[in-house]
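> Could you have a look at this structure, given as structure tokens, before my questions?
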Amino acid sequence: MNGVNGGNMPGGMVPFPAPAGHQSELNYIYGMVEELSRQLSDNQRTLEEVVSGVGRVRSRARTHSLGNEELVNSASDEVKAHEPNLDTLISILSEALEKAKFSRDANAALLTQYAAMLAAMLRQFHDYKAKHVADVAGWHRSYRAQLAEARAENSRLREQVWAMQARAGQANDLLRRFRGRCYEEGEKEKEKGKGKEKGEEEKNGLGAARWERRVASKAVRQELRFWKRMAMPHLPEDDPCWSDDDDLVDVAEKKRLDEMGRLAAEQQLANAAAELGDIVGGGGREGGGEEEEHGEVPPEVPSAPGAPQSMMMMMGGVPMQREDSGAVMLPIPPPRPLSAASSTGSSGQ
């Protein structure tokens, strides 16, 4: 055993590295050799027992001077005495052999099923891997195609935006030139109508100055409207006071509205003065009688914006208030101007 591996080396050890397959074969061979050694040891032990038994028989025959027949009879008695034990041992060994065979067949069937299942799992794994690789490759191709399409669309939209910006710039430039030319022509016609003669440089700079004044006026109105919104946050966003429709309502219309408001205020003051004169003078009763005959009732006179305090005192004196000694008289805020309720929303500029 040890001569294969060298002198004084234990069995089963290899003095040099061996491949995995060779090592497994060597281990199998070593196992077979060990099994044969064990069987030889058992056979040797059995043979020694047989030899010792034969020696005992011979010694007994010599001691008792027995013949062959007597020796056989005495040995048969001993053999018959050991027969039940042998039958029991044979039955036990037979049962163990049957169990071993059944276990061997069951293990072989399990090994066959395990090999089949392992092969099926390996095949499914390879199929899944191939499908996964194909799906990932297809997804990458689709993603790259979509990305290229999105980039092309983005480039096209960016070019369209650039073209729109260029066209808008050209249109703005043309509009600016058109406005300047219109203002210059209007100023030239106005100067011709008045009969004034000015130099060529003054005529060219007149339209630009007028445009700058309009721009400055517009900026001032916007800034004033912004600070009004900051100062009056309680007003809603859609209040007419915040409108900027000066381009819709011309200056003449605003003047006409202001004139109508002024005439209405003067009419209210005149009616109030006439009513007060009728009450104080002697003709109050007659006037009252005539009004009763005609069925007319004088209208109530509201407080007109801009009316003097003396006129308010003449009309009704101090208005009625609740008695509150601890209260502090707060100043009455001025009335809202009529221009705030109009549709122009002008800031007075």
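Just so you know, the numbers here start at 1 and follow the chain as drawn.
Just so you know, glycine gets a Cβ as well, placed from its N, Cα and C.
Reproduced below are the annotations present in TrEMBL:
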- 140-167: coiled coil (COILED)
- 303-320: compositional bias 'Low complexity' (COMPBIAS)
- 340-349: compositional bias 'Polar residues' (COMPBIAS)
- 186-206: region 'Disordered' (REGION)
- 281-349: region 'Disordered' (REGION)
> By a Cβ-Cβ criterion of under 8 Å, what residues six or more beyond either terminus of the coiled coil (140-167) are in contact with it?
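That would be none at all.
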> Check the coiled coil (140-167) for me and report the mean pLDDT.
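Mean pLDDT across the coiled coil (140-167) comes out at 95.
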